[in-house]
Amino acid sequence: MTAAEAPLPPLAPRERTATTAAERRTGSPLAVSLSGVRKSFGDKTVLSGIDLEITRGEFVVLLGPSGTGKTTLLRLLSGLEPPDGGDVLVPRQRTVVYQEPRLIPSKRVLANVSVGQKRAQLTRDNARRALAEVNLADKERAWPATLSGGEAQRVALARALVREPELLLLDEPFAALDALTRLQMQDLVGDLVARHRPAVLLVTHDVDEAVRLADRVLILDNGGFAVDVDIDLPRPRDRNDPEALRYRATFLAQLGVGRPSSTRQDIS
């Protein structure tokens, strides 16, 4: 098993004795809790005491300028990067889908989906169901080299789903896809998340993607969250809806697009 397919290391859960604000807001159990989390690399502070709660079934999108710590936060939640301080609560069942599908070239599609899983026959059955969910039931005998970029990324999604994660981490999974395939993948991910109900954290630079998919958008800047706002729009979402355009314009302004960074605005 390669490092890309190895199970994520467990983090010891922390006891909780009270219902959190996030649980009261969404009505779902808490999946992620960060309290006062800090992370630095040398003299550069990336995360300076952040707090974050995500509940089961909540789709959170993380935006931010390059170098602000988005991928560091995702790696911290996956267990691949230790915090320098603070408390971390994440579920043991969690998985990551990256920008590159990271399929094993020497294994067929079905074997890629079931890699690392035990109980071979049950795993194959589950892998076939996962492939059907991503509309690749006819590709189980295919080799990775024969797949398009979108198909390979769907295999990576199926591999994540077969593990039944309570937390799904998405690290710019659509960034390398063409515009049409990107929209199709966004719709597919939205449908799969609605069906399986994991907590989701999607890291992206695409504001339109955030407005299209998110229940909640965070913008990371200067070591903390400059924005933490719910997206209160019906689904499916029309990118030309006036409210969607308002969210888009506000997020772009906060990211410093189209105006000097000194005039970034807060939203409530």
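The backbone N, Cα and C atoms fix where each Cβ goes, and this holds for glycine too.
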- line: Expected hit for region 'Disordered' in Swiss-Prot across 1-27, 28-54, 55-81 is 1-27
- prompt: What number of additional C-beta atoms lies within 10 angstroms of the C-beta atom of Thr68 (ATP binding site)?
  reply: 20
Field: Chain-internal residues, separated by at least six, CB under 8 A from Pro65 (ATP binding site)
entry: Asp221, Leu255, Gly256
